[in-house]
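According to Swiss-Prot, the protein carries these features:
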DISULFID  4-52  disulfide bond
CARBOHYD  8  N-linked glycosylation site
DISULFID  18-67  disulfide bond
DISULFID  21-105  disulfide bond
DISULFID  29-83  disulfide bond
DISULFID  33-85  disulfide bond
DISULFID  88-95  disulfide bond
């Protein structure tokens, strides 16, 4: 088991009206965070689950090839610069137990 840290991951980018899906590598946050669950729980007990999440991020942009005219061919994605354990921030994090793999493509796939 690894504590919260940066790791490379393959993700995918695709859009409507662009015929291909591009897979590429970026950095993500992954690993475990210590959580304490009280032995005695009451209705007033609060439970807070820490997750490994972004501390600092930047955004990079790639251009999807062969998009139809009038389609924005650019895809912007987060790049993790540092990670830490904190409460899940639903505005930019996937806090589900099981989500789809980050490199799922619905269209023809190419790698860069």
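Note: Cβ is positioned from N, Cα and C throughout, glycine not excepted.
As the structure is a computational prediction, the values presented were derived from the model and not from experiment.
Neighbours of residue 29 (disulfide bond), defined as other CB atoms within 10 A of its CB across all chains, total 23. Nearest by CA distance to residue 67 (disulfide bond), out of the recorded positions 4, 8, 83, 85, is 8. When the disulfide-bonded residues 21, 33, 105 are compared by Cα distance to residue 83 (disulfide bond), the shortest distance belongs to 33. Residue 52 (disulfide bond) sits 5 Å from residue 85 (disulfide bond), taking the Cα positions as reference. Nearest to residue 88 (disulfide bond) in space, judged by Cα atoms and limited to the disulfide-bonded residues 18, 21, 29, 105, is 29. A gap of 12 Å separates the Cα atoms of residue 18 (disulfide bond) and residue 105 (disulfide bond).
Residue 85 (disulfide bond) sits 18 Å from the residue listed as 'N-linked glycosylation site', taking the C-alpha atoms as the reference points.
Following the DSSP three-state reduction, the secondary structure of residue 105 (disulfide bond) is coil.
When the disulfide-bonded residues 18, 33, 85, 88 are scored by other C-beta atoms within 10 Å, 18 scores highest.
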